[in-house]
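Peer 1: I have a structure I would like to understand better, so I am pasting it below and will then ask my questions one at a time.
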Amino acid sequence: MSDTPLSRDDLVDLDQDDPLAHYRDQFELEEGLIYLDGNSLGALPKAAKTRVAELVEREWGQGLIRSWNTHDWISLPERVGDKIAPIIGAAPGEVVVADSTSVNLFKLAAAAVRMRPGRHKIVSEPGNFPTDLYILQGLEAFLPGEIRLETAPRERLETLIDEDTALVVLTHVHYKSGELFDMAAITAKAHEVGALMLWDLSHSAGAVPVDLNGVDADFAVGCGYKYLNGGPGAPGYLFVAKRHQAAFRQPLSGWFGHAEPFAMRDDYQPAPTIKRGLCGTTGVLATGVLEVGVELMASADMALIRAKSQRLGELFISLVERHCAGQGFALASPRDADRRGSQVSLTHEQGFAIIQALIARHIIGDFRAPNILRFGFTPLYTRYVDIWDTVQALANIMATREWDQPEFKTITAVT
Ligand SMILES: *Cc1c(COP(=O)(O)O)cnc(C)c1O
């Protein structure tokens with residue numbers, strides 16, 4: 001690429017002109033650490049530390065049970081949902097925070113197939129994020145003879161979407177390759193045959209522009225702990241388009257989704273609003289911390305985030321090609337930045353050991369079996385100069401075979 005920077009200073013210059021640069025200071029990031037894994041676990045917003053102290057000491061410690069009312073814990077799921085809504089192109093009242101992405105996917109997929117009686121298929125792609133496929137397999141096993149999961153590689157996916165399809169479930173940005181689906185086109189294809197569309201936005205929200213209502217999506221789920229910086233194990237969220245809410249009945253009919261949870265009646269009556277997506281008691285501490293990450297993300301201009309993310313990715317690819325040529329790497333992400341989320345993946349047969357060697361140098365990416373090295377770019381805190389430093393370290397690790405040490409080859413429980 002003709003505009004590949006020649007020196008570290010070129011990247012320092014880009015940081016100086018970066019309109020998002022000031023956001024970095026709002027995160028707790030150790031000096032000398034390069035964090036390229038915000039796509040897996042976002043960094044800690046400094047404001048989350050004060051918020052958690054306040055939640056624990058004042059709201060829980062002093063307020064105790066009264067805080068459900070006095071600190072409005074009871075409306076946390078909808079309040080944080082409404083703050084996520086603009087990040088994903090949803091309207092107020094269409095998003096609620098609850099449970100995990102896996103659980104939310106089960107609730108929505110089960111509700112969706114009930115809204116298309118007589119149809120037998122859920123369509124997805126092989127290689128989708130494992131939990132998505134596992135949850136759909138669980139639903140299939142739960143409704144034997146009624147629902148089956150069928151998958152086809154994305155080139156042939158459309159041939160599978162037919163009149164027998166109740167629901168199409170896809171992840172917008174692929175967790176391994178970072179490849180983006182054309183949300184508008186696939187949603188339209190599903191609707192053309194009368195099927196419903198459910199998008200998993202785990203690697204999208206806060207990373208790429210998403211316009212759920214613009215593409216007429218029916219359902220969506222997503223993760224709170226990735227680009228939304230909600231903290232480890234933060235709750236997920238679910239979206240149900242307004243037009244479906246009255247017919248939407250999810251199977252985990254717990255009391256928090258009841259129209260009047262504190263009327264303590266025997267019979268379940270779903271809340272008239274998106275609250276019917278809830279099941280049990282809100283994880284107040286986790287949801288309160290997620291709110292901080294969401295507010296920070298919502299305050300940033302998505303057009304700037306996308307532009308910087310694409311630039312970071314392009315610089316990374318061109319620098320790897322220049323400085324690590326002949327070292328056995330191949331690009332596992334689309335080269336075209338418009339077809340890529342906010343990560344670049346490489347393949348290498350020694351991928352695991354190479355990632356460990358980078359981590360030993362305080363450069364944190366991650367590895368996904370069997371051979372993917374993932375580098376996530378989070379424009380709110382990744383600096384341009386981080387890209388230069390990462391590629392130089394990678395080139396050095398390869399040139400000196402630094403990765404080829406036993407300590408970098410011990411497979412850990414979490415990669
Ligand atoms: C991260 C991720 C999840 C995580 O699901 P949990 O229930 O939070 O473990 C699900 N789907 C996709 C596509 C993801 O990237």
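Backbone N, Cα and C atoms are what each Cβ position is placed from, and that goes for glycine too.
Since the structure is predicted, the reported quantities are computational estimates derived from the model, not experimental observations.
Summarising the annotation, TrEMBL assigns pyridoxal 5'-phosphate binding site to T101, S102, F129, P130, T131, D132, T171, D200, H203, Y225, W255, T281. Among the features that TrEMBL reports, N6-(pyridoxal phosphate)lysine is placed at K226.
Show me how these features fit into the structure around them.
Peer 2: Same-chain residues at least 6 positions away in sequence with a Cβ under 8 Å from that of F129 (pyridoxal 5'-phosphate binding site) are, in sequence order, T171, Y175, D200, S202. In the three-state DSSP assignment, the secondary structure recorded for F129 (pyridoxal 5'-phosphate binding site) is coil.
DSSP assigns K226 (N6-(pyridoxal phosphate)lysine) to coil, not to a helix or a strand. The Cβ of K226 (N6-(pyridoxal phosphate)lysine) has 28 neighbouring Cβ atoms from other residues within 10 Å, across all protein chains displayed.
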Peer 1: Looking at the binding-site residues F129, H203, W255, which have a C-beta within less than 6 Å of some atom in ligand 1?
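Peer 2: What lies within reach of ligand 1, judged by Cβ under 6 Å, is F129, H203.
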Peer 1: By the DSSP assignment reduced to helix, strand and coil, which category contains H203 (pyridoxal 5'-phosphate binding site)?
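Peer 2: Note: H203 (pyridoxal 5'-phosphate binding site) is coil by DSSP, not helix or strand.
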Peer 1: For T101 (pyridoxal 5'-phosphate binding site), just give me the three-state DSSP call.
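Peer 2: Its secondary structure by DSSP: helix.
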Peer 1: Sequence gap of 6 or more, Cβ distance under 8 Å: name the residues on the same chain that satisfy this around T131 (pyridoxal 5'-phosphate binding site), in order along the sequence.
Peer 2: T101, S102, L105
Peer 1: If one looks at the chain holding W255 (pyridoxal 5'-phosphate binding site), which residues at least 6 apart in sequence have a CB under 8 angstroms from its CB?
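Peer 2: Within the chain, W255 (pyridoxal 5'-phosphate binding site) has Cβ neighbours under 8 Å at P261, G280.
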Peer 1: Please find which two of T101, S102, F129, P130, T131, D132, T171, D200, H203, Y225, W255, T281 have the most distant C-alpha atoms, given that the record lists them as binding pyridoxal 5'-phosphate, and give only that distance in angstrom, rounded to a whole number.
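Peer 2: This binding site's residues have a maximal Cα-Cα distance of 30 Å.
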Peer 1: What residues, ordered by sequence, lie under 8 A Cβ-to-Cβ from H203 (pyridoxal 5'-phosphate binding site) and sit at least six positions away in the same chain?
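Peer 2: N39, T171, H172, V173, H174, Y175, G178, C223, K226, Y227, G341, S342, Q343 - these are the non-local Cβ neighbours of H203 (pyridoxal 5'-phosphate binding site), listed in sequence order.
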